[in-house]
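Chemist: Relevant sequence annotations retrieved from TrEMBL are reproduced here:
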DOMAIN    B:103-316  domain 'ABC transmembrane type-1'
TRANSMEM  B:32-54  transmembrane segment
TRANSMEM  B:103-128  transmembrane segment
TRANSMEM  B:140-161  transmembrane segment
TRANSMEM  B:191-213  transmembrane segment
TRANSMEM  B:250-268  transmembrane segment
TRANSMEM  B:299-316  transmembrane segment
Amino acid sequence: MTTYGSGGRPRGERGALASIGLHAGLLLAVAISLFPVVWLVLTSLKPRDGWLSSELRLFDDSSLDNYARVLTATEFPRWLLNSVLTAGLTMVAGVLLAATTGYAVSRFRFPGHRGVMWLLLVTQMFPVAILIVPLYNLMAGLGLLNQIPGLVIAYMTIAVPFCAWMMKSYFDTVPIEIDQAGLVDGLTPFGVFRRVVLPLARPGIAVTAFYCFMTAWGEVGYATVFMSQEDKRTLGVGLQQFVGQHWSDWGLMTASAVLIAIPAGAVFLLVQRHLVTGLTAGATKA
Amino acid sequence: MAVSTRNAAAADARGRRRAGPGRLRRSFGAHWYAWAMVAPVLAVMLVLIGWPLARGVYLSLTDATEANIGRTIGVNVIPSTYEFVGLDNYLRILTSELFWDKLLWTVIWTVACVALHYGVGLALAVMLNRKLRFRSVYRVLLILPWAVPAFVAAFVWRYLYNSDYGVINGMLKLAGLGPVGWLDDPVTAKAAVIAVNVWIGVPFMMVALLGGLQSIPAELYEAAEVDGAGPWQRFRAITLPGLRQVSSTVILLGTIWTFNMFPIIFLVTRGGPGSETEILVTYAFREAFTGIRDYSGSAAWGVIILLMLVVLAVGYRRTLRSQGDPW
């Protein structure tokens, strides 16, 4: 971790002024990065109409009123369930399908290897707009509008290439000697993958799965048009109702935002170190 | 079967990096399992992406709208009546002022966001890479925005920007200034959405670049300092080149993501005021799903956006490769 500092002359040594500057800069950045989140939590704890003021009063008469309303008087629990189901299914299908591909492009130089890598990258570029219309018509034809499986299918177009890409970078970090040892012991390439490499890549799979979950969890475009029925909405769509064109209730909005962000944030902070490695390692070694 | 697989595997293990298609049959023998492993994803991509894509391209060459596309109402099946119109949609879009307006704003949006992501991210990464008390605390706190789902962030910021109850105007009032209708004026609305996207995107850049910084050997800095290089010279001569691999990747990814960043604009300003903050992607979406749904027009926008990104990515990679990067 320490990049500076080695015997003799102390390195990276700064004057007091530089230290103050450094901490001041970082504190400012922390303030900016935290403020919206802190304000969100504070607003959600205000009483029912507390959001109607921007006064900076803290914990004056805080209450859990907004939370109670969100959980009992709105469709929020339903949307939450829809979101969890959709994102969960997307995650499972994405990881299952993508694991072998990630392994193949990581290990084997087969004809078509470059093509597959390129395909995975190009599909990352797909704007919502190009697939959404044909997918919408396709779903309408198959009767899959307002159905969770329909939305999962739409999300597979985002999740599968993405998962394969991330899995590749994790397999890249597993030494190839392990595969070779497995082959020498008489396993087939599939056997090596299933019995040797897959167990070793478990942390990578976990991170990929999580990222995949979050991608589906936070998607708004597809969900907005595919799930128009009230009780089929996901969170990203449903929440738009709380702050519509003519009527808004920021109390409901902030309370639900906190309910959504806190569990996701907690898991996120646990895995974030690996997220970046997964994304960038794969790309730099392509 | 098992025997032949083992032989193939052994052959592959020996000649792994050798690119030798050779005879088709030998190639199949040596690579069939690799192809088998890739097959599920290829099948999914072909069915779920390839087919809709082909249909999208076809739709973009027709005059399909909500009114003339085939549909089923109850038991009545209404057949499609839209017609093939060739490149009409493309001509209409490319000759419209609106497209060039939106393109200009999308480019400004992308360049501003990615430049700020990278600049701020690099600055923070360099600061965090120094010996420093509370370093890991800073790091965790700075990563926090990344953990907030984009649509939640969009709503939070919309609340902060609210002209009546927003805390930003509240602070302006405390400072004795008048309130600003942040999302009602084209200029402030544009600045506002850029600020939101920068807030969300900096943590990723920061962590990625921090990883890159930590992989630069400390000896390089020591040697440079012995040679009398100042901080700025060390930054130019060691840090920036050392970060090239990571930088080129995150910049390309960031550009693609920002260009297509849908939820922020869709949820913070809804494209408004007017359609001032609408980028190409959100515009194409609105075209397809509001008013009389113009499916063909929206598909044509989509194809144009995709082509631009492919050209960008190919050009970018080619430039990097010509400069000797393996990417």
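Each position is counted from 1, following the chain as shown.
Positions of Cβ are set from backbone N, Cα and C atoms, glycine also.
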Chemist: Determine whether the transmembrane segment (B:250-268) and the transmembrane segment (B:103-128) share at least three Cβ pairs under 8 Å, counting only pairs 6 or more apart in sequence.
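Modeler: Touching, yes - the transmembrane segment (B:250-268) and the transmembrane segment (B:103-128) meet the threshold of 3 or more Cβ pairs under 8 Å.
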Chemist: Might you confirm whether the transmembrane segment (B:103-128) is in contact with the transmembrane segment (B:191-213), defined here as three or more C-beta pairs under 8 A between residues 6 or more apart in sequence?
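Modeler: Result for the transmembrane segment (B:191-213) with the transmembrane segment (B:103-128) is yes.
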Chemist: In the same chain, who gets a Cβ under 8 Å from the transmembrane segment (B:140-161) while lying at least 6 residues past its ends?
Modeler: 124, 128, 167-168, 182-183, 192, 195-196, 199-200, 202-204, 206-207, 263-264, 266-268
